[in-house]
Amino acid sequence: MLKVVLITGISGSGKSVALRMLEDAGYTCIDNLPVRFLSEFVAGARDDGLERVAIAIDVRSPGELAELPGVITAMRAMGTSLRVVFLDANTHTLAQRYSESRRRHPLTDRLSRGGQTPSLLDCIALERDLLAPLRDQEHVIDTSDLTPGQLRAWIRDLVQADRPPLVLTFESFAYKRGVPSDADLVFDVRCLPNPYYDRTLRPLTGRDEPVATWLAGFEIVGQMIDDIAGYLRRWLPQYTQDTRNYLTVAIGCTGGQHRSVYVVEQLALRFAEHDPLLVRHRTQLPDEST
């Protein structure tokens, strides 16, 4: 059966990185496909016996974007195995990436008036407006603080999972970097004892045994994990019945290194029976340097 992955989202958020990863994974990839050709291309891929296809669609054909949600719905209704991933990033990060790459935003010419070149921020704002209907319907990955290597790993984990009633993701993050925009539920664990103030534990992470042992020694830590797990076990069935395909549970502490990482790892153990289950750590850990 043909599997289709559609990559879309804000320009500068990492669509090219995601598409290259899928190409390396054996997907037949096409970039910047106009929406009007999407159904025809997928039908041709099916007739040619292809098994995996990845397509990137961006804002360069803005007049057609309004049709994309309807096209996706129609293709799914016809039995197409279609997974849509929407990549996003905060405006500050996008502006920084454009500055580093020295590339023009694809909407620059569209917004030019009387020889006046629009600002990058104006282009980003218009693009957000154009893509908002699609963003609200699909799985969103906020790439603001992800390295290219982390994004490749996240996309790989996501597409390798068969389409389930609900993909459950636990992710840790640092409040000092902001709450990730892809989070459906956010739990603040900054009230828990902080290993950062123990000099021997400071360079470690919540995945290291000394930190895990230290945190497990506090009753309040176990109570926090029990309460979060209890909430999820009570309400996961309801989220599933709501035809939701993804649920991202974000756990945050100050630096995203100790407490949130530990809590995420413990929750992953408690929900190990849920398939598929994804675990993400937004703060770059020592073995995530690529």
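Keep in mind that glycine also has a Cβ here, set from the backbone N, Cα and C atoms.
Keep in mind the model is a prediction, meaning the values are calculated, not measured.
Straight from Swiss-Prot, the features:
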BINDING   Gly9, Ile10, Ser11, Gly12, Ser13, Gly14, Lys15, Ser16  ATP binding site
BINDING   Asp58, Val59, Arg60, Ser61  GTP binding site
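If you check the binding-site residues Asp58, Arg60, Ser61 against Gly9 (ATP binding site), the ones with a Cα inside 10 Å of its Cα are Asp58. Less than 8 angstroms from the CB of Ser61 (GTP binding site) sit Pro34, Val35, each of them six or more residues away in the same chain. Listed in chain order, the extra residues whose Cβ falls within 8 Å of the Cβ center of the ATP site residues Gly9, Ile10, Ser11, Gly12, Ser13, Gly14, Lys15, Ser16 are Asp58, Leu87, Ala89, Thr143.
Note on proximity: among Ser11, Gly12, Gly14, Lys15, Ser16, the binding-site residues of the record, the Cα nearest Val59 (GTP binding site) is that of Ser11. Look at the Cβ of each of the binding-site residues Gly9, Gly14 and count the other Cβ atoms within 10 Å; the largest number goes with Gly9. Here the C-alpha separation of Asp58 (GTP binding site) and Ser11 (ATP binding site) works out to 7 Å. Within 8 Å of the Cβ centroid of the GTP site, not counting the listed residues Asp58, Val59, Arg60, Ser61, the chain contributes Ser11, Asn32, Ile57, Pro62, Leu65, Pro106. Here the binding-site residues are Ser11, Ser13, Ser16; the one with the fewest Cβ atoms within 10 Å of its Cβ is Ser16. Cβ neighbours within 10 Å of Arg60 (GTP binding site), excluding its own Cβ and spanning all shown chains: 13. In sequence order, Leu87, Asp88, Ala89, Leu94, Ile124, Glu127, Arg128, Leu131 are the residues near Ile10 (ATP binding site), counting only same-chain partners six or more apart with C-beta under 8 A.
The most crowded of the binding-site residues listed here (Gly12, Lys15, Asp58, Val59) is Gly12, judged by how many other CB atoms sit within 10 Å of its own CB.
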